[in-house]
Amino acid sequence: MGSHMVWFLFLVSFFSVFPAPSESMVRHYKFNVVMKNVTRLCSSKPTVTVNGRYPGPTIYAREDDTLLIKVVNHVKYNVSIHWHGVRQVRTGWADGPAYITQCPIQPGQVYTYNYTLTGQRGTLWWHAHILWLRATVYGALVILPKRGVPYPFPKPDNEKVIVLGEWWKSDTENIINEALKSGLAPNVSDSHMINGHPGPVRNCPSQGYKLSVENGKTYLLRLVNAALNEELFFKVAGHIFTVVEVDAVYVKPFKTDTVLIAPGQTTNVLLTASKSAGKYLVTASPFMDAPIAVDNVTATATVHYSGTLSSSPTILTLPPPQNATSIANNFTNSLRSLNSKKYPALVPTTIDHHLFFTVGLGLNACPTCKAGNGSRVVASINNVTFIMPKTALLPAHYFNTSGVFTTDFPKNPPHVFNYSGGSVTNMATETGTRLYKLPYNATVQLVLQDTGVIAPENHPVHLHGFNFFEVGRGLGNFNSTKDPKNFNLVDPVERNTIGVPSGGWVVIRFRADNPGVWFMHCHLEVHTTWGLKMAFLVENGKGPNQSILPPPKDLPKC
């Protein structure tokens, strides 16, 4: 046998035992959904958790890895888990929103979510996608680059996951159920949370989260806003962040002392521990520039330099004012895609479907809603308040089950009016389970226009199954003649969750290259509950990898 053949056989045997560093892996996780007594704000309550942890466990993987996550439901509620921001290319069965892509996992039942992290790296997250269970059922999903592939920014010395949330002393299911009976808005949360801790609050001297750092080292903070209903500002006293990624997409780095992060969004920032030894206050506080009630309790934590005595005083900072629109706009307007050769911004430049969706609130008749004087607050897209079906939409589409949904969702508002101002006499909405159909690979431009019906408000809108580019935003009513002239088609930020500004509009573009049924909804949970949601039905293409895969055998049944 020649020396070349011996060497070849050695290499074959070597790589069969030691896989190449770039080879993707199959990673197995098990989520036991269980009740656990959790104490916060000096009171305890039975809480739905994953593996008895609040917040839930962080999932770690690498780009192109396959995840098999077995979810076992040990609680009295139906359960489903959404992997927020994961593209789920051809695997809509694993996306997770109950009654959209799957029937929920019933008590005592099991479902294994099986999907591949195709071409994605960065910080995403997971959460329950049924009822209000995501108040406590959530955690981070960290997707590292492939081995040997560096970050497109200076390598940090360490990484930390920071998940922001909200906490109610009362049972959240009772809170939303009572609100639905009354027709009014639910009670706001009792506190915000930083990695599951509020920090010391009035009448309850609890410990907050401590972020330990060493002088001179740089840390990558992976921020997630898992709050149900509130946009948040995030600050560290005396420190400046460098923003490097949002929604698992790299951005052109920029510096800021305040991060704005809406429910559903993720943001990666670099923090260099360049100050004198000490303890520095961390704040998570609400942003709301509309006359809407919010939880105004600021959650706090500390950045704790090594060698600092625990008795040392904490260096303080004031959070931004609740209505600090200019700070919010400065942050949002600084976001640009990296748009490098390795990470290009593939913005659609020709458009097949021009859509215009109004997003906002309304009032429908409710004779039993005594507190609401016979009316119920609802929410809608293009004046359609979405009604959840009794069975899941994706299986109904796949198996051609009739009578579950229609595909006549309006591409424009049924009534043209002064969306961002002026009074509206009829605030009623239509209801229905209506989808918008898109051919495979169609390009879409979608205008999301806030309305002032009842009150203007910032709506963080999340699209499942796709990333999209924000090509423009502004205040007032979108002008289809003037505003496109200012679109950014070169390096617009790429996201999966976008904030529609209060009293304004945002325009997104995406390519419908992922067949299936894909939910789009406001990520303020109260607005989703009220009906601010719809779904796109993306048809199969004609190529070999352009059709949705068959459903798994253990897909839950309704």
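Including glycine, each Cβ sits where the backbone N, Cα and C put it.
Together with CYS522, HIS527, the Cu cation 4 site in Swiss-Prot holds one more listed residue from HIS397, HIS415, HIS459, which is HIS459.
Of the listed candidates (HIS28, HIS127), Swiss-Prot assigns HIS127 to the same Cu cation 2 site as HIS84, HIS523.
HIS129 is the only one of HIS129, HIS192 that Swiss-Prot places in the Cu cation 3 site (with HIS464, HIS521). In the shown protein chains, 17 other C-beta atoms lie within 10 A of the C-beta of ASN441 (N-linked glycosylation site). Shown for the domain 'Plastocyanin-like 3' (408-542): DSSP residue counts in helix, strand and coil, namely 10 helix, 58 strand, 67 coil. Between the C-alpha atoms of HIS521 (Cu cation 3 binding site) and HIS462 (Cu cation 1 binding site), the distance comes to 6 Å.
Other Cβ atoms within 10 Å of the Cβ of ASN479 (N-linked glycosylation site), summed over all protein chains shown, number 11. Here the glycosylation sites are ASN78, ASN114, ASN296, ASN400, ASN418; the one with the fewest Cβ atoms within 10 Å of its Cβ is ASN400. Distance from the CA of HIS82 (Cu cation 1 binding site) to the CA of ASN296 (N-linked glycosylation site) is 28 Å. In space, HIS462 is the closest of the recorded positions ASN37, ASN114, ASN441, HIS462 to ASN330 (N-linked glycosylation site), judged by Cα positions. For the recorded site, HIS127 (Cu cation 2 binding site), the DSSP three-state label reads strand.
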